[in-house]
Amino acid sequence: MAQEGTPVSRRLSTVKNIIIVLSGKGGVGKSSVSTQLALNLHASSPTARVGILDVDLTGPSIPRMLGVDGQGVHQSSDGWVPVYADGSAARLACMSVGFLLKNKGDSVVWRGPKKNGMIRQFLSDVRWGDLDYLVIDTPPGTSDEHLSLLEHMAPIHSRLSAVIVTTPQAVALMDAMKCLSFTRAVNLPVLGLIENMSGYVCPCCGEISNVFSTGGGEEMARKEGLTFLGSLPVDTELVTLLDGGSPEGGESGELVTRYPDTPSAKLFKGILDVILRRLAEAPSS
Ligand SMILES: Nc1ncnc2c1ncn2[C@@H]1O[C@H](COP(=O)(O)OP(=O)(O)OP(=O)(O)O)[C@@H](O)[C@H]1O
Ligand code: SF4
């Protein structure tokens, strides 16, 4: 097929759905939502094959959240072999610039063309194999990385969709609006909006208290004609799991087995149901 002619489109021809996770503002929990989305998609069926690609080049956090940051990718004759976060099951593949840095904690200071080249390489050189879903975690805002991603994936645009993450605060919502305008400008379908850090799960009794404002995301979704995917409260169990990795990195598969017991996992199931329904409605390539 003519549209499958670029190295990126050829490599991603075995990927059924590509979900780009966006946020207007930094620190609203985009990477934790990307990680949870990948974990929930992985758990959605015993055969689901999921990839997660971290293109937050200057602040890659997915390897740490998945508990695999001590590991490295290696080069095969057919490209980079991703790191599997579910151990020998090998159904949850992860690729991040974090695996390529010499020292943990090193940061990447690259100009636009180098970032663009790295993103192209991530999209064309990773040996994902057959995937039902590829989740892409992006930097906050709408930057060179977002434009590069969309440019390289233009031939497979019909398989792309986005999820927008915000917190309930007015300043985050304003930035989420900018993000939404970006998706409209580049004609990227939005599956819906998630309001993260919406209320607080009490570590003693598990009750959700609305200590901060909540509902702003839902209100924005209603006004803008977006699907509201759901709210996720501040969950101390989740943060311990995602941020508490050992200095050497965690055991592969550990997060996959521990995550389902968190309050967030139970709430994310509802969000996943809506995402899967929305994906089924969307026209496929
Ligand atoms: N619902 C939540 N409950 C508790 N902690 C959370 C929640 N969501 C995110 N966090 C924590 O908040 C911090 C920031 O989250 P995260 O890195 O996912 O944000 P981000 O939007 O991807 O940030 P960046 O701007 O660096 O890309 C992390 O320590 C994460 O574990
Ligand atoms: S929700 Fe409030 S009252 Fe209930 S256990 Fe937690 S802190 Fe105590």
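Note: Cβ is positioned from N, Cα and C throughout, glycine not excepted.
The feature ATP binding site is assigned by TrEMBL to Gly24, Lys25, Gly26, Gly27, Val28, Gly29, Lys30, Ser31. Residues or ranges marked as [4Fe-4S] cluster binding site in TrEMBL: Cys202, Cys205.
Positions of TrEMBL features highlighted on the structure.
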residue : record                        : Cβ within 10 Å
Gly24   : ATP binding site              : 24
Lys25   : ATP binding site              : 20
Gly26   : ATP binding site              : 13
Gly27   : ATP binding site              : 12
Val28   : ATP binding site              : 24
Gly29   : ATP binding site              : 22
Lys30   : ATP binding site              : 26
Ser31   : ATP binding site              : 26
Cys202  : [4Fe-4S] cluster binding site : 14
Cys205  : [4Fe-4S] cluster binding site : 7
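Taking Lys25, Gly29, Lys30, Cys202 as the candidate binding-site residues, the subset whose CB lies under 6 angstroms from any atom of ligand 2 consists of Cys202. Taking CA atoms as the reference points, Gly26 (ATP binding site) and Cys202 ([4Fe-4S] cluster binding site) are 25 Å apart. On a Cα basis, Cys202 ([4Fe-4S] cluster binding site) lies 23 Å away from Ser31 (ATP binding site).
In this structure, none of the binding-site residues from Gly24, Lys25, Cys202, Cys205 has a C-beta falling under 6 Å of any atom of ligand 1. Between Gly27 (ATP binding site) and Cys205 ([4Fe-4S] cluster binding site), the C-alpha separation comes to 27 Å. Across the structure, Gly29 (ATP binding site) and Cys205 ([4Fe-4S] cluster binding site) place their CA atoms 24 angstrom apart. For Cys202 ([4Fe-4S] cluster binding site) paired with Gly24 (ATP binding site), the C-alpha to C-alpha distance reads 28 Å.
In this structure, the CA atom of Cys205 ([4Fe-4S] cluster binding site) is 33 Å away from the CA atom of Gly24 (ATP binding site). Taking the mean position of the Cβ atoms of Gly24, Lys25, Gly26, Gly27, Val28, Gly29, Lys30, Ser31 as the ATP site, the remaining residues of that chain whose Cβ falls within 8 Å of it are Ser23, Pro140, Val165, Thr167, Ala172, Asn196.
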